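Summarising the annotation, TrEMBL assigns transmembrane segment to B:35-61, B:93-111, B:123-143, B:148-165, B:171-191, B:198-214, B:266-284, B:315-335, B:347-380, B:392-408.
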Amino acid sequence: MLVVDNIHTHYGKIEALHGVSVEVNKGEIVSLIGANGAGKTTLLMSVCGNPQASSGRILLEGRDITTAPTAEIMRSGIAIVPEGRRVFPGLTVEENLHMGGFFNTKSEIQKSLEHVYELFPRLKEREHQRAGTMSGGEQQMLAIGRALMSRPRMIILDEPSLGLAPIIIAQIFEIIGQLRDEGITVFLVEQNAHQALSLADRGYVLETGRIRLHDTGKNLLANPEIREAYLGG
Amino acid sequence: MAAQNFRHALFCAIVTLIIAYPILGLNLEARGIDITLTGADTFTVVMVFIAAVVVFAFQLFRDGIMETFKSLPGLRSGGAHKEPMAENRRARIESWVITGIVVLALFWPFFVSRGSVDLATLVLIYVILALGLNVVVGLAGLLDLGYVAFYAVGAYTFALLSEYLGVSFWLALPIGALLAALFGLVLGFPVLRLRGDYLAIVTLGFGEIIRILLNNWTSLTGGPNGIGGIPDPTLFGMEFGRRVKEEGNVSFHETFGIAYAGEHKVIFLYLIALVLAVFTALVIRRFMRMPVGRAWEALREDEIAARSLGMSRTAVKLSAFTIGAFFAGFAGTVFASKQGFISPESFVFLESAIILAIVVLGGMGSQIGVILAAVAVTILPELAREFSEYRMLIFGAAMVLMMVWRPQGLMPMRRIHIELKGQE
């Protein structure tokens, strides 16, 4: 589905990623964990073409998107839930969702809308409420729902558990599992290593711009080094 | 509490005295080459003191007074909770009222003085400008401080085309608007990556470049001397002057066999401005409901989110700049025709600031609010002429008060949505 092949990404002169390779296969959940500043978000942003990788290749369903413009990448069957939710605060829930289906036809939007409301009944309740007035958890649901509106084959989530209560986090992760069951490929970037790894089929550990470990989610959870560094012993 | 109130009230009263006494109580008079300072008459001084006492009393009992105001029925109800039906009816009533106002505006100039019609034309030009800037600032959220540049492009396009090529108003109108739009597109490219303050500075610079260029390109634009003799618009080849200026044209009053009157031309210009203003409002309203309008708003609300949904920052920003500039070109052409003479003086930064003030005062993104504000901002200084030198002071104070009490503008943009009763 998504192949990141030995990419280097620079912010100005500073190199943030020193040759990172990640592979996400169709229908699986892959988690990327790492500490602050490890380059997790940079890796995601490189996939989205903002900033573009300075060397290496990124393939989406076999197509080279390394130097494609962001707008084009985001319209080719991939959707991202950006870090910090980023819903449109002044728009209502429904309007936010409509924005997600910006490039789809009306009937497609209607179908996706029903689907999203089915996944998140809470959003249906808040249909006409301004997104900015909702709680963090509801906004995160909205951000995921909005990303789903374009009917993506793959969804990238950047720290969906950020700043949320444990019970809400559990709900969000449950939904992520559900998405995989529907056949959507999920690439999950998390600091919340325990939950991210228990849900994932496979996991990558990113450290200061390099992939340090790569294994199945179960094995990584059991790995003593990982337990020490990310799971608090 | 009481002591604190008393101190605050005393402070306010003293500030009132400090501000009011020098302005109203002292006069500077020129006697020959000297300037002498004279005190005002007793009446003024007494009035100033009474004003200070009123301020003192109000501040002292402010809490009580505000309480009574709040308890007045009807002030705070309205707005918040409306059934969908009421919202619909309101929209329908609104559109009827607006249609009524436009119809009234069509016949109004035939019953009032020439001066008022002239002023109304100016108001309409500002309405067009403000509606155009509203797209850029209010909808797309791009702070543009050089909007007057596009206005100048429109005006100078007409002036130059008529001077060198003898092009008429009607041909120059679309050319001016399109050229302004082109300039908008050109400005759009360098500012694509900029936001907020940085964008404001670059657009400010662009506005100045255009003005300075017009000022210094003497061989083409006449520099500070400006361009005069810009023709009036014609009605199907009929001129509004006493004598026909161009071969082959006929004059309006002779065709219809009525006596010549200077008002005809003024009213005709007013009607053109009115039609263009209505046209602008309708076109932009249409844009707002189209996907491009929603994309502008998405970009304003959150650029990263908008981009994550596959919107192209380039296309969205450029479209906003181009469309905004297009209507400024319209306004510029009408302005050139109305004045008959333009110079770079008319396109200084203050104009940009005033248009921006109109958009902010009216309520960003709200068309009706912006139109109301354009009317208020253009007419208020005229009405306040009696206060002569305090005119700008009053105008400035009105703006400050407005921003303190209603920062969202006269009529904030109302998104089409409903709130149900009984929902928390």
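Every residue gets a Cβ built from N, Cα and C, even glycine.
Only residues 6 or more beyond the boundaries of the transmembrane segment (B:123-143), in the same chain, are considered here, and those with a CB under 8 A from a CB of the stretch are 150-151, 191, 196-197, 199-200, 203, 270, 273-274, 276-277, 280-281, 284, 287-288, 293, 296-297, 299-301, 316-317, 320-321, 323-328, 330-331, 334-335, 338, 354-356, 358-360, 362-367, 370-371, 373-375, 377-379, 413.
Non-local neighbours of the transmembrane segment (B:347-380) in the same chain are 94, 98, 119, 122-123, 126-127, 129-131, 133-134, 137-139, 144-149, 151-152, 155, 204, 207-208, 210-211, 214, 281, 284-285, 297, 394-395, 398-399, 402-403, 408-414; each lies 6+ residues outside the stretch with a CB under 8 Å from one of its CB atoms. Counted over residue pairs 6 or more apart, the CB atoms of the transmembrane segment (B:198-214) and the transmembrane segment (B:148-165) come under 8 Å in at least three pairs, which marks the two as touching. Distant neighbours of the transmembrane segment (B:171-191): 142, 146, 149-151, 153-155, 157-158, 161-162, 199, 202-203, 206, 210, 317-318, 321-330, 332-334; these residues of the same chain sit at least 6 beyond its ends, with a Cβ under 8 Å from one of its Cβ atoms. Within its own chain, the transmembrane segment (B:148-165) is flanked in space by residues 129, 132, 171-173, 175-177, 179-180, 183-184, 187, 206-207, 209-211, 214, 220-221, 227, 229-231, 324-325, 328-333, 335-337, 342, 344, 346-349, 351-352, 355, which lie at least six positions past its ends and keep a Cβ under 8 Å from the stretch.
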